[in-house]
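Everything below concerns the one structure shown next.
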Amino acid sequence: MSDPTTQPTMLPFFNQSMELVQLPNPTATRIRSRTGFSPTLGELLKHVEDAQNDNPNAPTQHVLDLNSTPNSSHPFVLSFANLTYSVKVRRKMILSPCFTSNHDLLPENDATDAKTDNAATKILLNDISGEARDGEIMAVLGASGSGKSTLIDALADRISKESLKGSITLNGDVLESRMLKVISAYVMQDDLLFPMLTVEETLMFSAEFRLPRSLSRSKKKARVHALIDQLGLRNAATTVIGDEGHRGVSGGERRRVSIGIDIIHDPIVLFLDEPTSGLDSTSAFMVVKVLQRIAQSGSIVIMSIHQPSYRILGLLDRLIFLSHGQTVFSGSPASLPPFFSEFGHPIPENENRTEFALDLIRELEEAPGGTKGLVDFNKQWQLKNKRISEKTISGIPKVSLKDAISASISRGKLVSGAPAGTSTSNDSNQLAAASSVHKFANPLWIEMAVIAKRSLTNSRRMPELFGIRLGAVLVTGAILATMFYHLDNSPKGVQERLGFFAFAMSTTFYTCAEAIPVFLQERYIFMRETAYNAYRRSSYVLAHSIISVPSLVFLSFAFAATTFWAVGLAGGTSGFLFYFLTIVASFWAGSSFVTFLSGVVSHVMLGFTVVVAILAYFLLFSGFFISRDRIPPYWIWFHYISLVKYPYEGVLQNEFDLNPPRCFVRGTQMFDSTPLMEVPEALKVELLKSMSKTLGINITSSTCVITGADVLKQQGVTQLSKWNCLWITLAWGFFFRFLFYLTLLFGSKNRRR
């Protein structure tokens, strides 16, 4: 291989046959000739900026500043030794032999099982060791269930330290969780993206999250454009991502976008879980080609891959083959033929080396002795090659983690944590390195603004979602308005008002159930972004709470205006205002409650079932079906936590507690709900006279018997004022938003136990 310092630096380009080729880049060549190493995107961006400003001697106090320190003098080495991870699995219920075959009684053979009385210990990783270096791609290979993804999760700190045994170091220093989050990125196997954002918008929002506020928007945009070129996405930059209902970019382009959003800040370590899964050979090759360029910019790239093609194999630098959680080969692709030749299974000349190795491993797994012989042979092979490698690298000076990270930041990497003038002169290497980067790139209010803007942009391109909800509210309001049109002040009118208010208040909560899929669809995007400190969980909760208010106010006004005057509710303008505010508070409390439940449950249908059931209980204990005085003592607590209770009692007081009081039952109307209702009117008048003599009170046909205050007493609405009911309803909304924050804080760690 020729010296890379003498070759012109290339930029990605696709020829007419859609193969990835390289074109010379004069700017990068000048950088290479001056510094002697492959430039990062940060350096290219810095020089583009200088050229645009026509300032060849630009000052060096930029965030994306660079020094002339060669990358080769500040290498990164990620080492892991003796990684072991096991989980407890429940043993299958053993049925009678007449219901199951002997095969069904055997334990699974994916890993070594240590049986206990109630559970079995399944070893997913068994004494795995190795190392990865910057400028190289390390690929983890193996059949399904071999432990590829588990090893990637272990290295990426996605397994709790209590469960994972062994050590992981970077340049000899133990890699702490806080440090790893700042300097690394993790690309999941699934492409978790917002469907209605374009490629450029998706990367730009990622830049807003991960790049610091000190970097101007024009520089962030230049960074995004440089990344689009590096990922080969220029032709798809203005195309939406798409989903099942909207046509968007191709599968390979989606995968490259997924990689791009996690490398926007130019991380030092990049983990990928099967980035080529589900892609055709050409798309898979282009994805790995992009990863090679990322590695050559000074990053450590560690990926799992199922079965690489011959072309992809040529891009990989280190391989680790796993079988049932054990290492059966670790080395470069070039060492595969001599390794298997010495093992007694030489690789044929014209056969794909990885395919041969995987097929042989599968055959050994099915053999009686398993892969134990291959595992033992690999240990001997590693001991022999370890002596050779130690002699080779003995002349390379060791670099502390502090110096290596400081050099990378000065060259433009770790853009999110590179404020100018940051000092790293602490005693402890790792503490010093950690002090040079921030946990979050931006303050709380900027994160909230970006989250809100992204959510509104995605929602604005799917107006049918809000339209359906508005239509449901208007249809419900129209039905109620026509069903309860102009209620009168009679005993029947009282009962009809009670029924209207109970149904109207409960409807506001039921229409909030549509919020369940919102977070469930974003759950894994949220977990991916917060796992590596793209933004705070509190920013997410506050932003989504704020942007939900305008739509709730609009829906509340539509419902209130549709029903208030049509039903004939009392109170005039002030009565309408309180009625409107109560509906807003109900929508707010209902939306917050449903949002909280969406953070607890993990499935849409389960969420709908739970929401509908709990809201039914709230309505049952609201005081409409049975008054508070009649509720059994052992259920009275549910009455006070019912979300429907407080808005229901508030609108009842708004309707019946007026000054001057309204009369709802006069004279003979007191007989309307009794068997005497069919008695002639003249006889009812005589009954009133008889009652007057007995009671000593003059009761005529026009005498008011029941006022609005009496109706409230009959319903047990006497403890709280209507304004207190409004404040309590609003407080419920804030309370459930806080509970939602706690579920995100403690329930979205995205770590294996």
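Glycine is treated like the rest: Cβ placed from N, Cα and C.
Among the features that TrEMBL reports, domain 'ABC transporter' is placed at 106-349.
Per TrEMBL, transmembrane segment is recorded for 466-487 (among others).
For 499-520 (among others), the entry in TrEMBL reads transmembrane segment. Tertiary proximity for the transmembrane segment (499-520) is limited to same-chain residues at least six positions away from its ends with a CB under 8 Å from its CB atoms, namely 465, 468-469, 472-473, 476, 480, 484, 487, 526, 555-556, 559, 563, 567, 582-583, 586-587, 589-591, 593-595, 597-599, 601-604, 607-608, 611-612, 615, 618-619, 622, 624, 643-644, 647-648, 651-652, 655.
Positions annotated as transmembrane segment by TrEMBL: 541-570 (among others).
Within the same chain, residues 504-505, 508-513, 515-516, 518-519, 544-545, 548-549, 552-553, 555-557, 559-560, 564-565, 569, 607, 610-611, 614-615, 643, 647, 650-651, 654, 722, 725-726, 729-730, 732-737, 739-740, 743 sit at least 6 positions outside the transmembrane segment (576-597) and bring their C-beta atoms closer than 8 Å to a C-beta of that stretch. According to TrEMBL, the feature transmembrane segment maps to 576-597 (among others).
If one looks beyond the transmembrane segment (604-626) by at least 6 residues along the same chain, the residues whose Cβ comes under 8 Å of a Cβ in the stretch are 498-499, 501-502, 505-506, 509-510, 513, 516-517, 520, 590, 593-594, 597-598, 635, 638-639, 642-645, 648-649, 715-717. TrEMBL lists 604-626 (among others) with the feature transmembrane segment.
Summarising the annotation, TrEMBL assigns transmembrane segment to 726-747 (among others).
This prediction places the mean pLDDT of the domain 'ABC transporter' (106-349) at 86.
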